[in-house]
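Inspection log for the structure reproduced underneath, given as structure tokens.
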Amino acid sequence: MSLLIRGATVVTHEESYRADVLCANGLIQAIGENLETPSGCDVLDGGGQYLMPGGIDPHTHMQLPFMGTVASEDFFSGTAAGLAGGTTSIIDFVIPNPRQSLLEAFHTWRGWAQKSAADYGFHVAITWWSDEVAREMGELVAQHGVNSFKHFMAYKNAIMAADDTLVASFERCLELGAVPTVHAENGELVFHLQQKLLAQGLTGPEAHPLSRPPQVEGEAASRAIRIAETLGTPLYLVHISSREALDEIAYARAKGQPVYGEVLAGHLLLDDSVYRHPDWATAAGYVMSPPFRPVEHQEALWRGLQSGNLHTTATDHCCFCAEQKAMGRDDFSKIPNGTAGIEDRMALLWDAGVNSGRLSMHEFVALTSTNTAKIFNLFPRKGAIRVGADADLVLWDPQGSRTLSAATHHQRVDFNIFEGRTVRGIPSHTISQGKLLWAAGDLRAEPGAGRYVERPAYPSVYEVLGRRAERQRPVAVER
């Protein structure tokens, strides 16, 4: 099966040019002007549109067991919704229970993901520590293509990683050539503030952001960055939502530390007023962690993208329907944390970023695809338009528009946190493994078509770290 995209403007993270692109056997086979059409090849007219690398969402949680329930989106429905939005690959999370084998949890998630409609990989969370955890980390890297490990600094009495676990796991990541990632919130402070607010009679969603103020995120970001700096590891911080956390990243990067920041579309576009909505269910629908912040943090995050201190855009796609959110009707701390966004991420970033002049098209490609591929060692297989790369592409109509709504989205959740927002600039066609799976409103996703993608250890940042460590190696004093 082959597909020729004719006459589009190819846009990568570095350049743009007019060309035809031929896809066959799941790969990009040729790029050039006026390519011949092979016998039996389908032809897609790309005139007037941009052809870009398919989106990579580095942060999703499909069918996650969490807070007494299970996320409503499974791996097929979630990746299918992603294809409708231009996202062709995800990196989800394996989250073992404390004391559970990492390998056992990994195989459980692999089983769930077999129905995926798009390519996928996994970060693996470190929720406890032992010699066995260290051994299994090595096996995951060497035999299963895992090159990143997640650490939750929040969720006390559940999956929170204390400092001793952070130190041990970061050190093990360094030995393995893996990237440690963190959810940066001070779990002790969050727990304390939750109990304090509940004792004061604040039980509704409006208390959620009060229990997780920006300082809580800033402190945890600073602590994780200092641990990484001391040990000499890279660090990737997920869903940065506050100016305080961003300032910590900027300060570290100004000193040359390899720290990377991720931001969600929601944190760029929504503010904390949503938690004060008079309808409880509407307000509860926005409960996620970190919470949406006051408006001034949004502008700081946009500046973080523009300055290169934030590197990827994600969704933290973790859907809970209204009935599930109601589990916390009398206690905000029991509202399942999570929102949707995999279908809307790219259109939102284009509309609010490119159309507004905040971002160039090339920055858009970097932030939605290429940077993630580089950080997690998928480039140039993904995140690129070049011969030999995976034929994961999105044909983008800069003049097309749609209104975001639960009534029309493909995400398996009964509300949309961006309800009623109209975006200009949308995917007209999405191509995964050279197959046209989203075509002008027609979703052709196939259960099980997605592949597990192994990510090799030692992404490019380790080249610099290795030389730096050698230069700074301590030398004993001879006496």
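Positions of Cβ are set from backbone N, Cα and C atoms, glycine also.
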Same-site Zn(2+) 1 binder from D272, D279, D316, given that Swiss-Prot records H59, H61, K150: D316
Same Zn(2+) 2 site per Swiss-Prot - residue from H107, H208, H239, H267 joining K150, H183: H239
Per Swiss-Prot, Y155, S289 bind substrate; matching candidate in N97, N186, N337, N355: N337
Same chain, 6+ residues apart, C-beta under 8 Å of the C-beta of H239 (Zn(2+) 2 binding site), given in sequence order: H59, H183, E262, V263, L264, H267, P290, A314, D316
Taking residues Y155, S289, N337, which bind substrate in the record, the widest Cα spacing (Å, whole number): 11
Pairwise Cα distance for Y155 (substrate binding site)/H61 (Zn(2+) 1 binding site) [Å, integer]: 16
Rounded Cα-Cα span from H61 (Zn(2+) 1 binding site) to N337 (substrate binding site), Å: 11
Residue with minimal Cβ packing [other Cβ atoms within 10 Å] among the binding-site residues H59, H61, K150, H183: H61
Set of same-chain residues at least 6 away whose C-beta sits under 8 angstroms from S289 (substrate binding site): A154, H183, E185, R212, N337
